[in-house]
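**Student:** Below is one structure. I have some questions about it.
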Amino acid sequence: EEQDRLLRGQPDQPQNPKVLRIAIIGAPNAGKSTLSNQLLGRKVFPVSQKVHTTRCKARGVITHEDTQLIILDTPGLTSPVKAKRHKLEEAMLTDPWDSMKHADLVLVLVDVSDHWTRNSLSKEVLKCLSQFPQIPSVLVLNKVDLLKNKFILLELVTELTEGIVNGKKLKVSSAFKDNSSSSAKPPVQITQASPPEKGDNTLDKSSDVRASESHLETEEAQRPKHYGPRDLKHMKGWPFFQEIFMLAALHGEEVDTLKRYLLLQAKPGAWDFHSSVLTSQSPQEICNNIIREKILEYLPLEVPYGVIQVTEMWEEGPSGELLIAQKLLVPRNSHMTMLIGRGGKVISKIVQEAGQDLMNVFLCDVRLRLQVEVKS
């Protein structure tokens, strides 16, 4: 009720409010929800190893002093063919585009640990960026801690930016000296001929200067005017990124550096949400997402995508605990057997882990009951 009241009511406003709306886009499973949760400081968005865990756009809200950051966590950009294969809702194709329309800044997240996809931006991401060239964009290289050879990052930066950052050409050189104290801080120093006006926590601050003499130098470069569909076919990167950040979202390493940068980018404007709001989702939506996250984690391949969740009870218990009962409807008997598990082991694990996550989110005791049935 309190969450509903805060979302419906007028936001409180400081004397000189500032706001920044951030769209986080990228290929499925790049770590968008993990990064969003780390920026928020609490788990609000579902996270799973399976692709398409995030099924609709939801907003996360960070309020710091007079500044409000609104994170538009979106489904991974996917093609109609892949959407059909995963039986995804139409919203999965349209939500990322809708989020871009409201964004003041775009974070493009790339999983550098995936050697199949890391050398180029997906065609869906490039198409999205080319449709909104007026929105400033920032490249975020995620899962840097999983790279054994950090100098791969030099190649990736060059390829993913088409050799241009902040309107300047890049020149790459390196000299190895590895004594980095943080797994997320790559031995890559990035310097610019004329650094941005705002902030001191940009490229060279997001890397460990002591770790290496490797660096990217910049020269003046002319920006291309426009990219059509034919141009995008031959492009691997985007030459309009303003900054590059390297981090390990799962462990929160270097996330604060990115957060400070985002706070500095905020412009004068009225807040969209009350300062006590953490997310635009209702408690029921958060609950559904957390339970579905666990189902995705424990069921094989594409079985979880056919599960329908029906909430049958949501009420306060005698001691102030939250009582939740949900029915999970599956299309086949074989799916029900897998979801329950031998001796009820799988469903018990889901109840235990989802219940713990719900307690951490709602900051109260939660009693969760799940029942599995084959839908008629």
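Backbone N, Cα and C atoms are what each Cβ position is placed from, and that goes for glycine too.
Residues annotated as compositional bias 'Basic and acidic residues' in TrEMBL: 197-230. Here TrEMBL flags 18-269 as domain 'Era-type G'. Per TrEMBL, region 'G1' is recorded for 26-33. For 52-56, the entry in TrEMBL reads region 'G2'. Annotation comment: TrEMBL describes 73-76 as region 'G3'. Look at TrEMBL and you will find 142-145 tagged as region 'G4'. Annotation comment: TrEMBL describes 177-230 as region 'Disordered'.
In terms of burial and nearby residues, how do these features look in this structure?
**Tutor:** The average per-residue pLDDT of the prediction over the domain 'Era-type G' (18-269) is 75, rounded to a whole number.
Across the region 'G1' (26-33), DSSP helix (H, G, I), strand (E, B) and coil residues number 2 helix, 1 strand, 5 coil.
Away from its own ends, the region 'G4' (142-145) comes close to residues 30-31, 35, 109-113, 153, 183-186, 246-251, 253-254 of its chain (Cβ-Cβ under 8 Å, at least six residues beyond either end).
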